[in-house]
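Structure, as structure tokens:
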């Protein structure tokens, strides 16, 4: 058992080495950048043609996607700064808080991606049994941009799954059970 593990089990604090902090901060900054990219693509996504105008704000799923990406970007920035600025050793409460917030952000972003993916799917393929036709025949570029934004959101979701694994490993392997 190395010194880091002994510190965590013997007391209520955990030493994070520079590499751990750097990797986690890079993952969080990457999540922030991808969230902002997905958010900006969706916000700028609007089209107007003979069939009418369409914007992300016309669809609740896309409004939720924008909100979730905004929350994720803000949390990613704040948590990256917190990880780098936290004094060593960090307390059990801080580790638990990061774990909990990472879980919440993971599920919020995953839900936003899933509901938006369903909306994009319906826009591309419609629903023939209830006579919904494809909207992408009329609003092609809107659908393509929405799909790109959803892909960015799922990549963010994957990064947050990785961050959740890191924070859960840190919490459950280095601290005694409550």
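Numbering starts at 1 and runs along the chain as it is shown here.
Note: Cβ is positioned from N, Cα and C throughout, glycine not excepted.
According to Swiss-Prot, the protein carries these features:
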type	residues	note
TOPO_DOM	1-22	topological domain 'Cytoplasmic'
TOPO_DOM	44-69	topological domain 'Extracellular'
TOPO_DOM	91-96	topological domain 'Cytoplasmic'
TOPO_DOM	118-145	topological domain 'Extracellular'
TOPO_DOM	167-178	topological domain 'Cytoplasmic'
TRANSMEM	23-43	transmembrane segment
TRANSMEM	70-90	transmembrane segment
TRANSMEM	97-117	transmembrane segment
TRANSMEM	146-166	transmembrane segment
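Note on the topological domain 'Cytoplasmic' (167-178): its mean pLDDT in the predicted model is 76. Look at the topological domain 'Cytoplasmic' (91-96): DSSP puts its residues at 5 helix, 1 strand, 0 coil.
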